[in-house]
Amino acid sequence: MENRVYNFSAGPAAIPHEVLQQARDELMNWQDVGASVMEVSHRGKEFLAVAHDAEKDLRDLLKIPSNYKVLFLQGGARGQFAAVPLNLKGDKKSADYVNSGHWAQSAIKEAQRYMDVNIAADGKSNGFSAMPSQDQWRLSKDAAYLHYTPNETIGGLEFSFIPDSGDVPLVADMSSNILSGPVDVSKFGLIYAGAQKNIGPAGLTVVIVRDDLLDHGSLMCPAVLDYKLQAGNESMYNTPPTFAWYLAGLVFKWLKKQGGLEAINEINGRKASKLYGQIDGSGFYQNPVDAQWRSRMNIPFTLIKPELDEKFLAESELEGFRYLKGHKAVGGMRASIYNAVPEQHVDALIDFMKEFERRYG
Ligand code: PMP
């Protein structure tokens with residue numbers, strides 16, 4: 001199929017095949033305007049319809065309540081690491097953060113530029129193979145918010161529950177697991193996600209924020225990151241990333257066609273349990289995360305004989321498997337199996353793993 005590889009990239013990551021085909025077909029003459037979607041004003045009626053549809057489809061998929069704004073911004077998830085404290089600090093001195101690994105730590109470091117951070121729970125002492133249970137978390141009553149990272153893209157650790165933050169707004173960096181299954185948005189004050197995994201191309205950041213949190217911004221907040229300002233301008237205070245927004249809209253329609261988040265949730269569960277099954281059942285591969293904390297999106301694994309890692313990567317590449325090299329912070333391999341990675345690609349990887357074990361095990 002058009003020389004496409006088995007793409008296990010952690011991000012930017014695979015985009016559904018049908019979406020790419022549609023984008024290709026529409027590229028030169030989009031909606032009969034005689035230009036591509038990239039070449040027209042974000043304020044023209046054609047693009048405004050795209051923006052509106054994308055928001056509506058995302059609201060439908062996630063069942064976003066009407067008292068939440070949806071923003072389509074730039075700056076990536078790291079931009080949000082700063083935007084969150086700058087917008088939500090209000091008159092509070094500190095915020096609570098859960099340290100679940102690499103990305104949580106990056107969020108903490110950025111927040112510390114703007115306010116005191118209380119580490120409410122920390123998985124560092126056990127190498128982020130699990131997190132302390134919620135009854136051991138040290139939450140502060142007067143925190144501006146509680147921030148956590150539902151899915152650690154590098155460590156491969158995912159929360160299977162939504163933490164209870166009481167009256168304190170709960171903030172989630174859902175960059176690598178948004179839209180992987182249904183989620184009760186009403187439990188959150190704010191959700192943000194860089195688009196380049198389950199939403200679309202890099203360059204777009206989605207923010208879902210409860211209305212009452214729009215009034216806590218600091219004067220220091222850059223205008224482009226100011227939720228209230230962006231909400232008041234339909235995310236068009238500055239020029240939005242129009243192509244990424246358009247493509248995200250196509251991905252949302254694709255997701256609806258798959259049967260929505262319940263259906264994709266089932267497929268994701270199947271894909272992940274097959275791959276973990278292969279890793280655990282082999283005695284040749286291993287994954288460092290405790291079973292109940294394992295990510296369904298990012299599955300790191302190593303070989304019991306680490307000297308074979310390079311051979312695994314080289315031989316898998318020859319068979320068309322790409323971007324399986326683990327993040328440099330952890331080494332080994334990592335298979336990212338976001339929504340757009342077909343189940344057959346996971347099956348093909350498992351077959352390759354079996355064959356590799358047969359030859360070298
Ligand atoms: N948070 C998580 C969970 C991520 O996976 C990433 C990117 N891999 C980031 C934040 C940083 O995203 P960005 O590069 O869009 O700033």
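From the backbone N, Cα and C atoms, a Cβ is placed for every residue, glycine too.
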Name the one residue among Trp30, Trp103, Trp293 that TrEMBL lists for the same pyridoxal 5'-phosphate site as Ala77, Arg78, Thr153, Asp173, Gln196, Asn238, Thr239.
Trp103
For pyridoxal 5'-phosphate: widest Cα to Cα gap among Ala77, Arg78, Trp103, Thr153, Asp173, Gln196, Asn238, Thr239 in Å:
30
What Cα-Cα separation, expressed in whole Å, is found between Lys197 (N6-(pyridoxal phosphate)lysine) and Thr153 (pyridoxal 5'-phosphate binding site)?
10
Taking ligand 1 as the reference, state which of the binding-site residues Arg43, Ala77, Trp103 have a Cβ closer than 6 Å to one of its atoms.
Ala77, Trp103
Work out the three-state DSSP category of Thr153 (pyridoxal 5'-phosphate binding site).
coil
For Ala77 (pyridoxal 5'-phosphate binding site), name the DSSP secondary structure in the helix/strand/coil scheme.
helix
